[in-house]
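Structure record follows, encoded as structure tokens.
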Amino acid sequence: MVSALYGAVESGLIYAIMALGVYISFRILDFPDLTVDGSFVTGGAVASVMIVGGTYPIVATLAGAVAGLIAGLITGLLHTKGNINPLLAGILMMIALYSVNLRIMGQPNIPMLNETTLFTMLSSWWMNLNIDQLFMAPFEWLGMASFAPRTFYIIVSMIVIVLVVKKLLDFFLRTEAGITLRATGDNQSMVKSFSTNTNLYIMIGMGLSNALVALSGALVVQFNGFADVNLGVGMIIIGLASVIIGEVLFGKDKIIRMTLAVILGSIVYRAIYSLALRVDFLEASDMKLITAIIVISALVIPNSLEKSRAKREFKKSKQRAALNREQEGEVQHASAK
Amino acid sequence: MLQLNNIHKTFYPNTPDERRALDNVSQSLNPGDFVTIIGSNGAGKSTLLNILAGTLLPDEGDVWIDGQDVTAWPEEKRAKLIGRVFQNPLMGTAPGMTIEENMMISLGRTQRRSLFKGVTKKTRERFREHLSTLEIGLENRLNSKVGLLSGGERQALSLLMATFTEPKILLLDEHTAALDPSKESLIINLTKDLVEKHQLTTVMVTHQMEQAIDLGNRLWMMDEGNIIFEANEQAKKDLTVPDLLNEFEKVRGKRMANDRALLAK
């Protein structure tokens, strides 16, 4: 149970990078981008093929991100220059990327169990430092050694990577170019009227979004130890679930708060996921349905809560008004006597 | 400063819906001129403004701004020279972003966007200075979301954003039509002040004759794609609303008489 939660935090952090990508397209650019299902695998495919070919894992991971960047730029191009509806542009790219990914991989599945990946590198580096003891100490001290995970290197290194990505993104979104990007999603015709090529900014945003998604994909295949061409199915919904859960639970107006909320949303999603898997009558294959239900409830519940709250307030104020009238009536009655 | 040569524009040509929006319009404005355009619906005022702004291409004719032929320039390139305020207060600002971020976007007309700095202390001071000239307290709310402002405040902000970078041409598209009377007079006063302060060459479309007479130094009246009456600085001083109505009736009456003659045949 507890170890499952550590697993949830680990994969939550890795998928958080993907969720940040979805946040850029879905929330900042207001572009529901289905490319994600394809570009996630593209990142993983490029990274795994390069790693199996003997490339240094960091280079392979970054190459995966660049592949995603290119995919996103093409989706942006389809929408801006080709005038294709955003949803359709994303679906077209998703379908096209399925074939591209198979071409890159050469086979539907690439095992990497005996390869040097980013995580095996981190692991051996971590062991050399020998600081797991340090992290274990508080658990042992509290007599909860059995609750501690086997090792901390994945959580610690992923926290570092995710925070670096978040900081870079926060910084970019507050530069002049970043402000323009956000304004493009907010009011495109206004940005255009101030002499800005909004098409360019949509493409930059889409490229950036899919680069993050592919980076996440490249990390996931190394984490799993294999790449699979079907890894990306339903990825966009997982991304949306993370963004929406994050917004509902932790969201605030400020950009730095929003990116943090998305990361936490991704972790919460993974926690819900692993708890749901523990329920006896649910099977792993039910997860897509559960994900859809999580997204639907995260979209619907806050709305209906707000409405019923407003209704209650209205009723209360009416009662109060009626009470006031009654009291006034009594006062008048009394004074009349 | 601004020159229009033989502009023609027809919508849906060669179909039953064909509509001639502009019929051989030629005009020019000197630097600092402020022209108001009035006319009934469908007279071609908005088409003219859209052709100036580059959202529409004319069928024939060309547009010159500041000695350059800009007819074929796309909208965003031309926007370097043109500031624009729309009728709808929601159109000129980005609601999900703060006031200072919106001001930042409007700087895009004059400078390339950098990847390294956002709103710096210096630009923030500059924004605050300009915002304080509006005298509606926006300078103290730099970090408020624009979506939280009222329609009048948003329109005042749009107006400031369109003017403070000193474009060659300022286009005002019935920019007070969606406001209540008190906000309307606020925006009109601001328009006067800002145009005067920056010495802007301005084209303003309006539905209200008092406004058209009160503001600016020139006036064009449009009907059926033509400029049917114009008043220069001298003539405009003595112009009254009844005069304008008279002019309008003259042209309209002539046309109606023609129609009647046609129908009688």
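Indices start at 1 and increase along the chain as displayed.
Even glycines carry a Cβ here, placed using N, Cα and C.
Here's what TrEMBL has on this protein:
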- A:12-29: transmembrane segment (TRANSMEM)
- A:49-74: transmembrane segment (TRANSMEM)
- A:86-104: transmembrane segment (TRANSMEM)
- A:141-165: transmembrane segment (TRANSMEM)
- A:200-223: transmembrane segment (TRANSMEM)
- A:229-251: transmembrane segment (TRANSMEM)
- A:258-277: transmembrane segment (TRANSMEM)
- A:289-305: transmembrane segment (TRANSMEM)
- A:317-337: region 'Disordered' (REGION)
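Of the candidate ranges A:49-74, A:200-223, A:258-277, A:49-74 contributes the most Cβ pairs within a distance under 8 Å of the transmembrane segment (A:86-104). The stretch in closest packing with the transmembrane segment (A:12-29), judged by the count of Cβ pairs under 8 Å and taken from A:49-74, A:200-223, A:229-251, A:289-305, is A:200-223. For the transmembrane segment (A:200-223), the partner stretch with the highest count of Cβ pairs under 8 angstroms, out of A:49-74, A:229-251, A:289-305, is A:49-74.
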